[in-house]
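These come from Swiss-Prot:
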type: DOMAIN; residues: 8-355; note: domain 'DhaK'
type: BINDING; residues: G53, S54, G55, H56, K104, D109; note: substrate binding site
type: ACT_SITE; residues: H232; note: active site, tele-hemiaminal-histidine intermediate
type: DOMAIN; residues: 392-600; note: domain 'DhaL'
type: BINDING; residues: D421, G422, D423, C424, T467, S468, T523, L524, D585, P586, G587; note: ATP binding site
Amino acid sequence: MSSKHWNYKQDLVHAHLKGLCHANPDLQFIESERVVINKHSKPDKVMILSGGGSGHEPLHAGFVGEGCLDVGVAGFVFASPSTKQIVSGLKAKPSDKGTLIVVKNYTGDILHFGLAAERAKAEGVPVELLIVQDDVSVGRTKNGMVGRRGLAGTSLVHKIVGAKAAKDSNKASLSEVYQLGEAVVANLVTIGASLDHCTIPGNRHHESESDDEDEQKHLLKEDEIEVGMGIHNESGIKRVSPIPTIDTLVADLLKYLLDKSDEERHYVDFDSSDEVVLMINNLGGTSNLELYAIQNTVVEQLATDYKIKPARVYTGAYTTSLDGPGFSITLLNVTRAGGKEVFDCLDYPTKVPGWNSSYTTAEWAAKSESFVIDAPPVSDASATSKVRFSSSTVKAVLESGCKKLLTKEPKITLYDTVAGDGDCGETLANGAHAILDLLAADKLEITDGVRSLTQITDVVETAMGGTSGGLYSIFISALAKSLKDRELQQGGYEVTPQILAASLKDALESLYRYTRARAGDRTLIDALAPFVEQFAASKGDLNQANKACHEGAESTRKLKAKFGRASYVSEEEFKPFEAEGGLPDPGAIGLAALVDGFAEAYSKIGSNL
């Protein structure tokens, strides 16, 4: 086979979302923000918004429509959408009764959707954030503060809370919808298995053809499967060889879901008297012929080994991993989650494509020719300040930092291929290119400190997804706020190194409100915190701060990950990097490169900010 994906001239995510709207008359598309909305949603009900990285279709946009989601926000492949996109989705469908945001438990999603929720609350909009974490493959000891991953159970949550908000003339309150969603999440378990990793469009068509020895060591062998593999190619519980029969594999998976003696993975009780929902989810590359055979095996073993007879059985592609050749099993204890009300919501009619429905002839005839609409304004683009930077200094420093970061992108990508999902280098490069383009077009209002930082935040939010985009956007936005707050107190001023040091500390404290990561947790914070602290301690000496930043980044080679997808990776996969001192955190290395570029340019100029 020459390739596993077609070649596309246009952005694949945009093309997919537009195609989805062509095929579904009820949908509209905010093209600039990759937001799909149900054009029939009314403000007299709780709005349901969800989203995340692309590559899991039909999640999330495929669940937008009557009786399910009102808004779906799409990031790039395997990368969270930006806060700006999510805010656009919130503003596109405001509700008198508030909005429930449903998000899978991944760091980037929590950061971006959490920040969007906080912004909405600050404007007086009632918002609740419901986090789905149904994976049982990562045990209690290993998941620590990170929690369980969000998997196929997310699609059941979408259907249930969407119906709860839509059904009946006396519409449910935000609190009622959220409480039902919480009960469902608390009684939901999922585990998957796969024959191989998925392949990502635009990358080489299969990792096995790589000559890179490090990549080869992480591949599944020809007669091997991975139990518990995540939906972004994350490592699972174990690898099994030779490939077992489906009967043996299903028995193993059901034990992880239902064994009450397993202290690591026993998250939900299931008794023979409980009413249970079963979902068999296609990870994207399993044939329907096999999928229904697998489902039959699961149903039979539930009955014979556990005396459980599912009251509802759903089989299909609900939460995929691109072309992943695997499947997952999800069980929902309806008795404990809410009983009849849960079934009423599951059975509530909907036409969303993710729930295998269809439209009538009359609805097709009424389909509008155009579904593209303008995005609502998200921020005040005209906001200005009297906080002053030196134009020539800031431009030189930014250019140098971004260019230095771009030289490190291949190495960062290599590190993140092992420690994450491989997108960190590209994500940082996207941000660097966006800032360089802004400078080249002479559109950055550099002399206005607050305005220029706000502009940088906007382009970073647009260009960067994932965890890195969230961290950088929050930090830069908080830095701008700190400088603005000082102006409100004392009037206009020139930014000195000492003032910048104080505002950097304010920005770091603001960032800490949105992540539990601290120095020592093997994240970007290990480079950022020392930089900020040393910049303040040295009264604005960028060279000393740069040294501290580098030392912090290098220290991550010896640290154990506690956050993000790196926390799921086995120690065995880090061994190929022992010769260079260990595998560092990719985000920390990226920040160190950026700061190094800043320091190089600043040393040459030797002037004020």
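Cβ atoms are placed via backbone N, Cα and C, with glycine included.
Mapped onto this structure are the features recorded in Swiss-Prot.
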residue : record                 : contacts (Cβ under 8 Å, 6+ apart)
G53     : substrate binding site : A74, G75, F76, V77, F78, A79, S80, P81, G108, D109, H232, G465, G466
G55     : substrate binding site : V77, F78, C198, I200, H232, T320, S321, L322
H56     : substrate binding site : I231, T319, T320, S321
K104    : substrate binding site : G52, I131, V132, Q133, R149, G150, L151, T154
D423    : ATP binding site       : F76, V77, F78, A79, D416, G465, G466
G587    : ATP binding site       : C424, L428, T467, S468, L471, T523, L524, A527
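Between the binding-site residues D109, D421, D585, the minimum number of other C-beta atoms within 10 Å of a residue's C-beta occurs at D421.
Mean pLDDT for the domain 'DhaL' (392-600) in this predicted model: 93. The binding-site residues considered are S54, T467; of these, S54 has the fewest other C-beta atoms within 10 angstroms of its C-beta. In sequence order, G51, G52, L59, H60, G75, F78, A79, S80, Y106, I231, H232 are the residues of the same chain, not among G53, S54, G55, H56, K104, D109, whose CB sits within 8 A of the CB centroid for the substrate site. In this structure, the C-alpha atom of D585 (ATP binding site) lies 24 angstrom from that of S54 (substrate binding site). S54 (substrate binding site) and D421 (ATP binding site) are 13 Å apart (CA-CA, integer value). All protein chains shown were included, and the count of other CB atoms within 10 Å of the CB of the residue listed as 'active site, tele-hemiaminal-histidine intermediate' stands at 25. Between the farthest pair of Cα atoms in the ATP binding residues (D421, G422, D423, C424, T467, S468, T523, L524, D585, P586, G587), the distance is 16 Å.
Neighbour density for T523 (ATP binding site): within 10 A of its CB lie 28 other CB atoms from the protein chains shown.
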